[in-house]
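The structure appears below as structure tokens.
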Amino acid sequence: MVLASFLVSGLVLGILAQQMRPVQSRGVDLGLCDETRFECKCGDPGYVFNVPMKQCTYFYRWRPYCKPCDDLEAKDICPKYKRCQECKAGLDSCVTCPPNKYGTWCSGECQCKNGGICDQRTGACTCRDRYEGAHCEILKGCPLLPSDSQVQEVRNPPDNPQTIDYSCSPGFKLKGVARISCLPNGQWSSFPPKCIRECAKVSSPEHGKVNAPSGNMIEGATLRFSCDSPYYLIGQETLTCQGNGQWSGQIPQCKKLVFCPDLDPVNHAEHQVKIGVEQKYGQFPQGTEVTYTCSGNYFLMGFNTLKCNPDGSWSGSQPSCVKVADREVDCDSKAVDFLDDVGEPVRIHCPAGCSLTAGTVWGTAIYHELSSVCRAAIHAGKLPNSGGAVHVVNNGPYSDFLGSDLNGIKSEELKSLARSFRFDYVSSSTAGRSGCPDGWFEVEENCVYVTSKQRAWERAQGVCTNMAARLAVLDKDLIPSSLTETLRGKGLTTTWIGLHRLDAEKPFVWELMDRSNVVLNDNLTFWASGEPGNETNCVYLDIRDQLQPVWKTKSCFQPSSFACMMDLSDRNKAKCDDPGPLENGHATLHGQSIDGFYAGSSIRYSCEVLHYLSGTETVTCTTNGTWSAPKPRCIKVITCQNPPVPSYGSVEIKPPSRTNSISRVGSPFLRLPRLPLPLARAAKPPPKPRSSQPSTVDLASKVKLPEGHYRVGSRAIYTCESRYYELLGSQGRRCDSNGNWSGRPASCIPVCGRSDSPRSPFIWNGNSTEIGQWPWQAGISRWLADHNMWFLQCGGSLLNEKWIVTAAHCVTYSATAEIIDPSQFKIYLGKYYRDDSRDDDYVQVREALEIHVNPNYDPGNLNFDIALIQLKTPVTLTTRVQPICLPTDITTREHLKEGTLAVVTGWGLNENNTYSEMIQQAVLPVVAASTCEEGYKEADLPLTVTENMFCAGYKKGRYDACSGDSGGPLVFADDSRTERRWVLEGIVSWGSPSGCGKANQYGGFTKVNVFLSWIRQFI
């Protein structure tokens, strides 16, 4: 840059320099600098031209220099000229702009339409004819409107009409205005009209009327129908004329109103009534809906909603509300587990085949609470053996339960007072075998019952079982929408529904909500507590999410609503008839449906003890509805029960002989027929063909017998335990085909009156005996409290192991018939010495249990002087302890003849007036009663010998029974047998008041034969 040619004084420049120091970045126009020029491009691609730029003075280190003012450069000036179409040096704007551009520097975009011209400076549009608006976007006049094909129009003028006249083709009527005009705002005065067909006129229905608008019946016209009382409208209440000339529906009719009959009250139910027609002339006009809800713990059986049909009938039978047992029922279940309040029925469902199982039933029609409830229902005729539902009713306290044999079940009698029950039928509410019961709905191949009643899982399962179903089970990915819709319709969001495992071969994996996995190793239904991986939780279905139901678990004991399910496929299977009970047998059922025997189910039979099965063990229900084989029979095995074992004996049972025994007497084959030899051989029967089926004998022989039963042909061999007994009856008995033992019952009778001492003649004078010579001799000691000792005061005779016979006066208080307490006596058997200290081990001492004195005993004259003592413990028969024989009428006639000798024994007073230390014996002859009475009369001691007494002794006296011998035996020898036996004919009873062994004063004895009937009442 060149400075101007004139000079500036140093002073001026210095002042300017001082003033410029704070703003050294800006120049000053001092008029000292010339213009400069920038080369810029006009337009794109355009051309190059020069743009003049003014310069200002700048200072650097106090020296001035020139450059464009404001530090402008070419890059700051040239770009704006590129938008111009034509440029001019020195002009601070574009001369002209390219098309559709306007403004000083052509930066605006023209918005003119329809051929409008844009102003280069302002952008304003200059419009062509027929267009207006800021951008020439508006066509002057109104736009043309479309019309229907049946509409005819005349435009005026044709190109830019200001009016349009409309008309219709023949057969159509104009709907709307006939002329429209174009308004100043460019809008037509109305919409174009339409040409529409006219609908036919409609007359009032019979028993009703129609309300129609005035004028033509064209599209949009509405008819309103109504009926006279008591008729109601069948069809649409309003009809509208459509554009095609047709009404919107069929012309309705008026039909006379029909009423359904009144409904009976349903116990334990609430109901809501919704009237189905506008008129309310009666309680239940057609269309009425009645909805039932059971209260409390009652479940609805049947449809919950009934509708009154047009024919005056209800859509279904009335439902019932019943209590349903919440425990599963089997053939062993007792009624006590299901009874409710008195008179209250409870529904249970019995499985099939209960008449084939064991179980006690008490009563007829009314049953004891501990009875098998299903067997009782069959007995009462309320259920068949194929099972089914029944109502159990608490009948309250009852007694005198009667037994009977009904419907293949035998009930027992019971007299005790107890709670009782009876049965009511369950009314059928099914829609046939192939459909679902009333109130159930079909889900695929199942019938489902949904309830809002809440139960713990196990209780819910029990309710379902007693409704002939099971708790519902679904597959994880197959949740029917009909089920979820039903649940939502009942307001149930969480319901016990089990999750089914599909593959038994693979572990079942179930994804929980927390995304953890539970692996189960078997094909059980994953819902019950106690299953693998599921100790206390059960599965339920949660449908709170409207889009996606989810499976969850919670405590099995927590109540929840639930769904029951029954399989429809079973109901479509062939069904076999109930085979009925197996007499004397039992049955195990496999695969049967809950309400009968369907194809594929089977029954396995078995027999009770002592019976065998004749026929097929297992029968199966085939697809044609018949059993694969007839029902078998249980045939009784004939046996004999344990034969009675005689006291003091034994019996040995030997099995049937495997070889034929040969009779030694009367055998028919000991004589041969006189036939020719060939004929004799041919007379033998041909061998019987062998059967592949086991015979009844073979089957019976394979039955295991319980203890105490023996097969036909078994033999019972009897023996007595020792030689002191003899066997009476049959020694051997055989089990006959009638189940009885042959022969007579055996018994072991003590051998009586036998002495093991050497057989010797009578010894006439009294003397000591040998040890064991008189083994029936008993010593009776009485406790003397005053002397603190036992005293041997009487004798007695052993009749058998437990009974002693003695004199009545030995066991009663003196001069009375009052019996002394049995505890005051001890009885000795096998005793020889009076002194107890000299007794050996063969002496048996027993206590008295009971004492029986003849009721006619007279202590004044000692008539009926006889008594029996029962021992607490039986004695053991030995050489020194054996019973005496009782007399018979024959022996008494033979022995009680005058002069017949007998032996009396005892420890009584001897001739020295002391008690014998050893047992003594004396031989006495029988004396006639008259002689006895005469002798005492001569001694001035008159007495009477009754028919219950006899006398024995010597005229001269000396040998006699005496004090201490009372009650002892007077025995006679019986030599009528091979072996001598001794018979008890008398009991020492009384003697002379003057003493023992007095002349003509004989001893008195009780006549034993007179008292045999009385004795046999006890022994």
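Positions of Cβ are set from backbone N, Cα and C atoms, glycine also.
Noted in Swiss-Prot for the protein shown:
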{"type": "DOMAIN", "residues": "140-197", "note": "domain 'Sushi 1'"}
{"type": "DOMAIN", "residues": "325-421", "note": "domain 'LCCL'"}
{"type": "DOMAIN", "residues": "689-750", "note": "domain 'Sushi 5'"}
{"type": "CARBOHYD", "residues": "ASN523", "note": "N-linked glycosylation site"}
{"type": "CARBOHYD", "residues": "ASN534", "note": "N-linked glycosylation site"}
{"type": "CARBOHYD", "residues": "ASN624", "note": "N-linked glycosylation site"}
{"type": "CARBOHYD", "residues": "ASN740", "note": "N-linked glycosylation site"}
{"type": "CARBOHYD", "residues": "ASN767", "note": "N-linked glycosylation site"}
{"type": "CARBOHYD", "residues": "ASN912", "note": "N-linked glycosylation site"}
{"type": "SIGNAL", "residues": "1-25", "note": "signal peptide"}
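Long-range Cβ contacts of ASN740 (N-linked glycosylation site) within its own chain (separation 6+, distance under 8 Å): CYS640. In sequence order, ALA574 are the residues of the chain that are 6 or more apart from ASN624 (N-linked glycosylation site) and have a CB within less than 8 Å of its CB. Mean model confidence of the domain 'Sushi 1' (140-197) amounts to 82 (pLDDT, 0 to 100 scale). Helix, strand and coil counts under DSSP for the domain 'LCCL' (325-421) come to 13 helix, 37 strand, 47 coil. Across the domain 'Sushi 1' (140-197), DSSP helix (H, G, I), strand (E, B) and coil residues number 0 helix, 23 strand, 35 coil.
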